[in-house]
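Features of the protein shown, as given by Swiss-Prot:
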ACT_SITE  SER173  active site, nucleophile
ACT_SITE  ASP201  active site, charge relay system
ACT_SITE  HIS266  active site, charge relay system
DISULFID  CYS39-CYS123  disulfide bond
DISULFID  CYS212-CYS217  disulfide bond
DISULFID  CYS255-CYS264  disulfide bond
DISULFID  CYS281-CYS305  disulfide bond
DISULFID  CYS282-CYS330  disulfide bond
DISULFID  CYS298-CYS303  disulfide bond
SIGNAL    1-21  signal peptide
Amino acid sequence: MNLKYLLLFFCLVQVLHYCYSHGDPSLSNELDRGLIPKCKLVPEQISFVLSTRENQNGVFLTLDNLSKGGILPKSDLSSIPVIFLIHGFISSANNSNYVDMTKALLEKNDCMVISIDWRDGACTHEFKILKFIGYPNAVKNTRAVGKYIADFTKLLMQKYKVSLANIRLIGHSLGAQIAGFAGKEYQKFKLGKYPEIIGLDPAGPLFKSNDCSERICETDAHYVQIIHTSNNLGTERTLGTVDFYVNNGYNQPGCYLSFLGEACSHTRAVKYFTECIRHECCLIGVPQSKNPQPVSKCTRKECVCIGLNAKTYPKTGSFYVPVESKAPYCNNKGKKI
């Protein structure tokens, strides 16, 4: 990400947040009419890319072709784990970080990975710097994408017998906020809750001061796992059942201490989680305190490992996670808990 664009992005988000939230409607209207990209979200253009061990290149799904049947490998998917993967701002499902995570998930388990591509609503196709100042409109699109995922989930369960117990949502940045909204929308069907939502450094700008109904929240699923890696593009606020603050939640090792480094830290959440899947690297979370205990003294009773098995640990709350600067990032000398 270009440094000058990132600097401008931070400045513009602050200005736009003031205009939209603090009552300067004339300026907001002018911005809406001209400067800010619309980043228009058309539900029909949201695609779901299905990857399996047999077809890792992906099959494009929509609510329309899914409802017609015959598009998925078989009609009874009750025993198959399903993982929704949701990208963030100015990104897409074919971003290399999500492709790497998809491969790691498929190597780990025989599952279906469904990557949600909402690139138009995420401002991905807008012109250069304009895509950055479209952020407020991308934020506005997140709830609609979340509802679409909830509708898609319901159809999967009704038509293909997918078990709710086998569904997990993983989202990065705005994608994490979308996962939270999907959890809220699905609960409106009165069919239960998603078992787990994993938020990888949930987007902070325009969400930090929101209450639970307007951001990812621990009530959105039975278990909500949050990985914090940046405090500007992300947020320091506790959001989930467990909140992991990697390197205290900011300035990740190996990322430069600059605005460009902030983007690096923000993306590290995805890389950390992928390494936890790929290498079964136990990034150990130690209960947060002024003087956190050494990782070497951790036991399963009071510490938790980031990853797909986090919810099998009894402890909840906030955790400090030390990491190394290079993959696989483990800073535990091979310790397992």
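A Cβ is built for glycine as well, from the same backbone N, Cα and C atoms used for every other residue.
With respect to CYS303 (disulfide bond), the closest of these active-site residues in Cα terms is ASP201, chosen from SER173, ASP201, HIS266. Among the listed disulfide-bonded residues, namely CYS212, CYS264, the Cβ with the most fellow Cβ atoms inside 10 Å is that of CYS264. Candidate recorded positions: CYS212, CYS255, HIS266, CYS298, CYS305. Nearest to ASP201 (active site, charge relay system) by Cα distance: HIS266.
If you take the Cα of CYS212 (disulfide bond) and the Cα of HIS266 (active site, charge relay system), they are about 22 angstrom apart, rounded to a whole number. The Cβ of CYS39 (disulfide bond) has 26 neighbouring Cβ atoms from other residues within 10 Å, across all protein chains displayed. Straight-line distance linking the Cα atoms of CYS264 (disulfide bond) and CYS305 (disulfide bond), rounded to a whole number, equals 22 Å. In this structure the alpha carbons, written CA, of CYS255 (disulfide bond) and CYS39 (disulfide bond) are 30 Å apart. Between the CA atoms of CYS330 (disulfide bond) and CYS281 (disulfide bond) there is a gap of 6 Å, rounded to the nearest whole number.
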